[in-house]
Amino acid sequence: MNNSAASTSSGSGDVPAPRRNSNRPKYSRFTQQELPACKPILTPRWVITVFTLIGVIFVPIGVAALMASNKVVEIVYRYDAVCIHGNTKDEKVAYIQNANTSKTCIITLTVPKDMDQPIYVYYQLDNFYQNHRRYVKSRNDAQLKDSDKANDTSGCDPEKTTPDGSPILPCGLIAWSLFNDTYSFSIGNQNLTVNKVGISWKSDRDHKFGDNVFPRNFQNGTMKGGASLNESIPLSQQEDLIVWMRTAALPTFRKPYGKIEQNLRVNETITVIIQNYYNTYSFSGKKKLVLSTSSWLGGKNDFTGIAYLTIGGLCFFLATAFTVVYLVKPRKLGDPSYLSWNRNPSGH
Amino acid sequence: MPGGRRRDRLRWSKIYTFARFWPTVGDDEQPSFHGGPSYSRTVHCNQPQLHRKKPFKYSSNYITTTKYNVITFLPKALFEQFRRVANIYFLLAAALSLTPVSPFTPVSMIAPLAFVVGLSMAKEALEDWRRFMQDMKVNMRKVNVHKGEGQFDHKQWQNIRVGDVVKVEKDQFFPADLLLLSSSYEDGICYVETMNLDGETNLKVKRSLEVTLALDDDEAFRDFTATIRCEDPNPNLYTFVGNFDYERQIFALEPNHILLRDSKLRNTNYVYGVVIFAGHDSKVMQNATKSPSKRSRIEKKMDRIIYVLFTLLVLISVISSIGFAIITKNKMPNWWYLQPDQTTSLYDPDRAALSGFLHLVTALILYGYLIPISLYVSIEVVKVLQATFINGDILMYDEDTGNHAQARTSNLNEELGQVDTILSDKTGTLTCNQMDFLKCSIAGVSYGVRSSEVEIAASKHMESEATGDDAGVYGSYEVELDHEIDFKSDNPRKPTIKGFSFEDDRLMHGNWAKEPTADTILLFFRILALCHSAIPEPDEKTGGFTYEAESPDEAAFLVAAREFGFEFCKRTQSSVFIREKYSSSEDLIEREFKILNLLEFNSKRKRMSVIVRDASGKIFLLCKGADSIIFDRLAKNGRMYESETNKHLTEYGEAGLRTLALAYRVLDESEYSDWNAEFLKAKTTIGPDREAQVERISDLMERDLILVGATAVEDKLQKGVPQCIDKLAQAGLKIWVLTGDKIETAINIGFACSLLRQGMKQICLSTINNVVAQDANKAAKESLLMQITNASQMINLEKDPYEAFALIIDGKTLTYVLEDDMKNHFLNLAVNCASVICCRVSPKQKALVTRLVKEGTGKVTLAIGDGANDVGMIQEADIGVGISGVEGMQAVMASDFSISQFRFLERLLVVHGHWCYKRIALMICYFFYKNIAFGLTIFFFEAYTGFSGQSVYDDWYMLLFNVVLTSLPVITLGVFEQDVSSEVCLQFPALYQQGQRNLFFDWYRIIGWMFNGLYTSIAIYFLSIGMLYHQAFRSGGQTADMAVVGTTMFTSIIWTVNVQIALIMNHFTWIQHLFVWGSVATWYLFLVAYGMSSPTISGNAYQILLEALGPAPIFWIATIIVTAACNIPYLTHKAFQRAFNPQDQHVIQEIKYYKKDIEDAHMWKREKSKARQKTKIGFTARVDAKIRQLRERLNKRALSTSQSLEE
């Protein structure tokens, strides 16, 4: 026995060490991890209820979405193939790049169903990689917004400056490649006005594109990309540009061209005069003209409805399957015979 | 102090019959060495200046245990950080983010990395600073050093050199390994406490050489010189070989002359010593192993998962760069809107291969979201929080010491849930190292009514069993057990006297004199008071005495004798004085007993005897020793009480007490003098067989003994140790005891904490002491291999499933067994044994055994200890736990967790370990899931952008994804998740095995989660794309641009992963709700705020929620369906698993949920008892064994009665 033990073994009894209560952890339900908690358990009833509930919610949404999609009347016309001369790609490209050839092209569309106004006019490009990193990065938001930053063309490679070094406004590949086909519509002899105001986001017009910022040196370079801009109109009113500057996520995309604020009746024939300037022939991109009404869910797309119906149906199926399985092979909840030591007593 | 001075006069060596006679070794003789370290060190005593230059420049006494210093910190700590592969990757990514290759802005790459690495490094720095301060404290300690001219002065430890003469005073630590020159005692002995070295608290006697005895004051060192030639620094604590060249004579040095650093001088006013090994050369420092940085298994596995993810990352990067190269080469020349002829090498169709290669770098950065950078930080945060819960757990707070549990390194929390083997120190860990005299058997009568802790616990246990379903069956046993041992569990013991818990009015207060066998009882008490080698020390406070004994049981005997009225009060060189008081009314009588001889105790003899002459001139031999030894030596007429005593001894043993048998013999004068003459002759024999001779002669005397009785001493276990061991065993943990103590002590403790029990087969591995044999090593190993093979065979052949084996091995044998060619055999044997006890192991061996178990079994080991001798093992084990008790802090400093009592280990492992394991496992799985789900959507989008490296998400979304939006829910999962409450964890130890079997972090599960992530990414991407195709997405006719698609997808992801984590969680407090749903809300809030910032910052995300997405029904509809679609498979899987393949926690949750445990308490109780692992150790096993035994007896009795009826 060591000293410390022996020295107290004199019969006086051991005096408990003074308590250092300062060290004592504070008790709380939090520190003891005993906070009141809800401990949901996935009981069969819950499982079946959850799946049924999802089904009950999803199927109607799916039906509604499908109905909305069906209600939308959409005219899609691919005109890139018909509005070109030449058979090979090279011929087509040469044709489209020749400034002297006539690009006018007249097509007719038949309205399949009544279309109530507003009827949105879109152009649709295919195989056009607006989402390419080189393309997406090639812009300068500051320049578009602020007239003081007209010279700020950082990030706009390779469309920063004209060959003589003056900054391009709007700079960058996106603006440079602005879509420049134009459409004019008529039914019989009556022109259909296309309202091109308000096709862009209001916030873009108000805050992103300055109303005192005017295009400068645009399309003055050696290569002409797409549309030119009227230098006397501020960017905030150049809605085609504003729309175009919102790069699309996918290589197939539609962009609003304008609105026809007039009802179209079934079987009416619309004549469209297209100025087919935009070169998609180099990369075999399709160009389509789209006239579409819209529903609460937007344009025509059955996918949403089908997806909802599928998932809803699947949940109904799962609910049924679980019900059947629970009926066939029930397990009493909290049945201790399912504890591992009861199931294989030797197998610890 | 007067006592000390009085003792100074006592020539201690004289009372030891076996006092060594130190032969001088002739000049030409060189000691021979069998292996061991080489022998090249020369120490010039008292000439430290000679040790300033080579070749005698040995290491200084400055010690450092830090990992870094000021200069090396930055490079080393950075190196440590970037040993994590993921960090290297992020470093490269951050560097590359400065180049145009990067798809992201530099800030979004560098900031998170700097944060992660900075945080971890700050933590390292703090930890190392603490170690540094600790070292400095030691280095700055002061000691008296000879400065020359006989002057001593204080000097810091760090400035001491080899060769310095130091004067160490009472209760000081030795600053280095010293050669003892002289002490305040005339015969140059001193007492040393080696607690910090081997964990033993009893004092050890060290002696100086006879020749240096004269050097006992400061002046004597004026001209002292000598030379020591000795072994080189080595970690072996129990050996020392060297010689001492003094005054032209050479003397051999033995371990007994050496005072080791970190041991403490006790009961000796001062000693002089000369420094032999300083600083890192000293034996204790040599024993220190480098403190390793430990990482948990889960974390190591996590690294492998990260490798898997890296492979995936490289794979998709390669795919995307090949795709990019092809597209760039073939298609891009046609994409005039990209101006392909004005391009940089990043997008050069003419050099597509180069562009492709550069794109590989871009892709590697882009898809970096597969590797969760915040994983390490989140885990670190979670672990720190888990650690605060461990620290703050009031149920692991010890009121007596005021210490709470402490997670000193937080990176092993989850490892606590996977422990397979516990390696425990004994002294101070399992036991308090306090012996209590509890019972005795005198003249065949057992005295002492108090129950041992083992008995109390067993009775409690059986009571609870009895109230269970089998009450009828157990009830009958209980009666039977009870009449034998009167349990007083309701009457808690309040030991008023340390070392004495005896209670029996038959013996106390002088009542013994009324017993019929009073003579024997008197003799019994006299043996207790006389047969020892202790010295009394007056206690000024009480006027009584305290005893300085070699072992704690000896002290307990003396205290007992004192309490019985036989107070040992004085020892002179030849006599022992005892104040006897026969009854409370009588006066004290001081009697003197002449000590004629003292036959020392050693582990081979297992007994000690004194030969005394009482006042009347009668000569007695009083002997105490192990029962088997004593019983073999009884005279024919001395066996009167043998059978009763034997029965009592068995009972005591079962009750976990350590027993000794006491016997005596009356000698007549002539017989004694004949023997003594021979004995003296043997003692003075010179030569190797002296000890054998002495032993033989002693043996002759210790015969024809008359049995008096037996003592039962309780080696007081720490509070709750047996119960804790029992619970741990039920949780499937194996427990090994590694102790520096004697084999007997260790076995007794084994009994006390139910690691051993009656009826267990003990396998003792031992070596034959055969130093003479040429190839001693080989012979010993062969014999050991034999023993091991035999034992293994025995175990294999054992049919009885209840039969348990215990392996007991001592340190010397371990040295052989731990050699490479043997260790696997040994390990195989050991793992088949229910308990393993290793005795007399050195700190290094503790570490080696730990390593053997760790590496041999591949399972998680936990080492627990309290002394400096446990440091090696604590560091070596996967988890080191230090007991922060009374003794030094070394073990705690080296440990990963510290608790103040062994019993807290149960809660630490079974509750916190279990929780932490599950939390971390779930958390990591979820982390990978969410990052795969997110990262792969980026990849899918790539395929639609010509693999150009454009991300569909805004940079800010990406940055926030890991850092803000999904980090807090996963942290709450990691900190607060509970599958079952702490109460249930303790009630169902079997749940702990889920961690041992690693059910929640096996590859099956991890891969499952990865596939879930893959599925989720596919569902998110294609559903979103399908719904936001080229058509208008609003009634206003607007079409979706990249910002709209990206934001919708991202919103879906945020919902999906947060709903997913809600599905994972079993336990929702307001905190979980707040963080999970708060994260979703944060996302919308962020979106609003971001949308309101200047469009030069937010770009196309400007006003996106309020203007574009908020009013669009499809945005909400898309979010709902994606969230549902992504979580349905998991929900189905979970529901299915739960319904048809429920895990234990599922069933228990249900029982709790439906309050079945209250309604059907019977079932609940039954399941609780069934949930225990079938163990062969612990109380339960002991009780079970007892019950089996009783049942057999009952059967037999029933059989015999039926037979007798038939007759």
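Cβ from N, Cα, C; glycine included.
Note that TrEMBL annotation is computational and uncurated.
Listed in TrEMBL for this protein:
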type	residues	note
DOMAIN	B:43-110	domain 'P-type ATPase N-terminal'
TRANSMEM	B:85-103	transmembrane segment
TRANSMEM	B:109-126	transmembrane segment
TRANSMEM	B:305-327	transmembrane segment
TRANSMEM	B:356-377	transmembrane segment
BINDING	B:Asp425, B:Thr427, B:Asp866, B:Asp870	Mg(2+) binding site
BINDING	B:Asp425, B:Lys426, B:Thr427, B:Glu554, B:Phe601, B:Lys624, B:Arg658, B:Thr739, B:Gly740, B:Asp741, B:Arg840, B:Lys846, B:Asn869, B:Asp870	ATP binding site
ACT_SITE	B:Asp425	active site, 4-aspartylphosphate intermediate
DOMAIN	B:892-1143	domain 'P-type ATPase C-terminal'
TRANSMEM	B:920-944	transmembrane segment
TRANSMEM	B:956-976	transmembrane segment
TRANSMEM	B:1006-1030	transmembrane segment
TRANSMEM	B:1042-1062	transmembrane segment
TRANSMEM	B:1074-1093	transmembrane segment
TRANSMEM	B:1113-1131	transmembrane segment
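Recorded features from TrEMBL, shown on the structure.
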residue  : record              : DSSP class
B:Asp425 : Mg(2+) binding site : coil
B:Phe601 : ATP binding site    : coil
B:Arg658 : ATP binding site    : strand
B:Gly740 : ATP binding site    : coil
B:Arg840 : ATP binding site    : coil
B:Asp866 : Mg(2+) binding site : coil
Among B:Asp425, B:Asp866, B:Asp870, which are binding-site residues, the residue with the most C-beta atoms within 10 angstroms of its C-beta: B:Asp870
Annotated stretches the transmembrane segment (B:956-976) and the transmembrane segment (B:85-103) touching (3 or more Cβ pairs under 8 Å): no
Max CA-CA distance, Å, over listed ATP-binding residues B:Asp425, B:Lys426, B:Thr427, B:Glu554, B:Phe601, B:Lys624, B:Arg658, B:Thr739, B:Gly740, B:Asp741, B:Arg840, B:Lys846, B:Asn869, B:Asp870: 32
Touch test for the transmembrane segment (B:356-377) and the transmembrane segment (B:1006-1030), at least 3 Cβ pairs under 8 Å: no
DSSP helix/strand/coil residue counts for the domain 'P-type ATPase N-terminal' (B:43-110): 34 helix, 3 strand, 31 coil
Listed stretch, out of B:920-944, B:1042-1062, B:1113-1131, that has the most CB pairs under 8 angstroms to the transmembrane segment (B:305-327): B:920-944
Neighbouring binding-site residues, C-alpha within 10 angstroms of B:Gly740 (ATP binding site) - of B:Asp425, B:Thr427, B:Asp866: B:Asp425, B:Thr427
From binding-site residues B:Phe601, B:Arg658, B:Arg840, the one whose Cα lies nearest B:Asp870 (Mg(2+) binding site): B:Arg840
Rounded Cα-Cα span from B:Asn869 (ATP binding site) to B:Asp425 (Mg(2+) binding site), Å: 9
Neighbouring C-beta atoms (10 Å sphere around the C-beta of B:Arg840 (ATP binding site)): 21
Cα-Cα distance linking B:Arg840 (ATP binding site) and B:Asp866 (Mg(2+) binding site), given in Å to the nearest integer: 16
Model confidence over the domain 'P-type ATPase N-terminal' (B:43-110), averaged pLDDT: 81
Cα-proximity to B:Thr427 (Mg(2+) binding site), 10 Å cut-off, over binding-site residues B:Phe601, B:Arg658, B:Arg840, B:Asn869: none
B:Phe601 (ATP binding site): tally of other CB atoms within 10 A of its CB: 20
Binding-site residues (B:Thr427, B:Asn869), the one with most neighbouring Cβ atoms at 10 Å: B:Asn869
